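Pulled from TrEMBL, these are the features on record:
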COMPBIAS  32-61  compositional bias 'Low complexity'
REGION    32-64  region 'Disordered'
TRANSMEM  70-87  transmembrane segment
TRANSMEM  99-118  transmembrane segment
TRANSMEM  151-171  transmembrane segment
TRANSMEM  178-197  transmembrane segment
TRANSMEM  209-231  transmembrane segment
TRANSMEM  252-271  transmembrane segment
TRANSMEM  277-296  transmembrane segment
TRANSMEM  308-329  transmembrane segment
TRANSMEM  341-365  transmembrane segment
TRANSMEM  423-445  transmembrane segment
Amino acid sequence: MQQRIETPQRKFKGFETNKTLQRNRAAAMAACKRASATTATPTETKPNPPQTQETTTQTDPPIAPPKKGLIFNLCLFFSIPYFYLLFQRYTIEQDLKRSILINAALSVVGFFLTQRMIPVASRYVLKRSLFGFDINKKGTPQGTVKVPESLGIVVGIVFLVLAILFQYFNFTADSNWLVEYNAALASICFMILLGFVDDVLDVPWRVKLLLPSIAALPLLMAYAGHTTIIIPKPLVSYVGQEVLDLGWVYKLYMGLLAVFCTNSINIHAGLNGLEVGQTVVIASAILIHNIMQIGASSDPEYKHAHAFSIYLVQPLLATSLALLSYNWYPSSVFVGDTYTYFAGMTMAVVGILGHYSETLLIFFLPQVLNFLLSLPQLSGYVKCPRHRLPRFNPGTGLLTGTRDGTLVNFYLRIVGPKSEKSLCIHLLFVQALGCCFCFMLRYFLAGWYK
Ligand code: UD1
Ligand code: MG
């Protein structure tokens, strides 16, 4: 039996060079950094170095089961308006509807696959010491539990498999869309890789900021769509034309949008369920927006742009819901930067290729606000600690806002101390209100703005 146990050392036996040792040390250091980051260590215990399979199963109990009731309610809440719009409200071509439904069916499979794979992957990441401590439970027994990190890797992999398989059901080999679709997938895949690198190596903040611009390169280089923008009607008299060709500036804008979407999801974080929750809310709003645009338009190209977005956002939503079932309060897994970057990049890509980046930015309203509040610390003008989370009081179980410039702290300073769960629900509600505001704005400005 003993011989079968595969320790990291055994695995690389014969290549036991400096590189192997460095790799093991890097994994252990990344975990240590997380565990000790800004007094995050609930006890003085340091995370153990990578352990054998036998000892890991002995010391780390399996993660808590998924919160299925929550996900069921969320699915019901979203599916009713969504399928009403798809089947009843608008007359959508059969072909398009068929593709959307095949994609939805694949996404459901992806949901169950992700839910099954997360506990398995959790064991593996724990074995490699990739875990974090729940900072907002510091001082309670829950704060001493090793929570597996970077489970976004499961979501990312399942998403990519679904998105690749879906091409078989929808696109023909000579389809023009295929080039951009695969370029989009390459960018998302690159982002997952860089996010995982960040989780393992814990790269410095300034480098983190740059990663999405590297990952966006495949899309920027392959993009052959138009580089024009339609000038809002009230501004036409000032600009002198209705359509403006931005040329390379448009590509720069695409790159900046990718950097913003990824990082803005990553820094509006630190509460159980917030990273995935905000993605679920925004993705739902994007899907409803896409169906409304398809239903209201008669331009085939415009419809395809929005259908393209649906094909990527449905799998994103389904796999994210599976992750949320484990990440919701109290979190049994953390999503890692792998997930936040992946989700941000996917939404940026669909906003760019679907040509609705302005609408997307309004869906991102809380993230924009959080970014503005964060600017003094991000720019280095004010000191930026490793974690900018609220202060947790183990006696009352409540969080209090600190002076760090984040929306979470700002909100707490306005409404007073709150429990982590109710704060997260409040913030997701604010996110949903922002999306409703966007729909209203589009409704009232239709015809007048563009
Ligand atoms: C970003 C934020 C940081 C915030 C962190 C939380 C900036 C510049 N950076 O950093 O302020 O503290 O996200 O994700 O704004 N964690 C929890 N509870 C959760 C989620 C995470 O305690 O619900 C802790 C865990 O210790 C986990 C760690 O945060 O291991 C993950 O942090 P990471 O995603 O690496 O932080 P950053 O993205 O660098
Ligand atoms: Mg993060």
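Placed from the backbone N, Cα and C atoms, the Cβ positions cover glycine too.
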Subject >> Sequence-remote partners of the transmembrane segment (99-118) [C-beta within less than 8 Å, at least six residues beyond its ends] >> reply: 63, 66, 86, 151, 154-155, 158-159, 161-162, 165-166, 169-170, 307, 310-311, 314-315, 317-319, 321-323, 325-326, 333
Original post:
Which stretch from 151-171, 209-231, 252-271 shares the most C-beta pairs under 8 Å with the transmembrane segment (277-296)?
Top reply: 252-271
Original post:
Apart from its near flanks, which chain residues at least 6 from the ends of the transmembrane segment (70-87) lie with a Cβ under 8 angstroms of it?
Top reply: 97, 100, 280, 284, 287-288, 291-292, 295, 317, 321-322, 324-325, 328
Subject >> Stretch with greatest number of CB pairs under 8 Å, the transmembrane segment (178-197) reference, 151-171, 209-231, 341-365 candidates >> reply: 209-231
**OP:** Mind pulling out the one from 151-171, 209-231, 341-365 with the most Cβ pairs under 8 angstroms to the transmembrane segment (252-271)?
**Re:** 341-365
Original post:
Short question: which residues 6 or more past the ends of the transmembrane segment (308-329) have a Cβ under 8 Å from it?
Top reply: 63-64, 66-68, 70-71, 74-75, 78, 99-100, 103-104, 106-108, 110-115, 118, 151-152, 154-155, 158-159, 162-163, 166, 170, 177, 180-181, 184, 272-273, 275-277, 279-280, 283-284, 286-287, 290-291, 335, 339, 343, 346-347, 349-351, 353-354, 356, 420-421, 424
Original post:
What same-chain residues lie close to the transmembrane segment (209-231): Cβ under 8 Å, and 6 or more beyond its ends?
Top reply: 179-180, 182-184, 186-188, 190-191, 193-195, 198, 203, 239, 241-251, 254-255, 258-259, 261-263, 341, 344-345, 348-349, 352-353, 355, 450
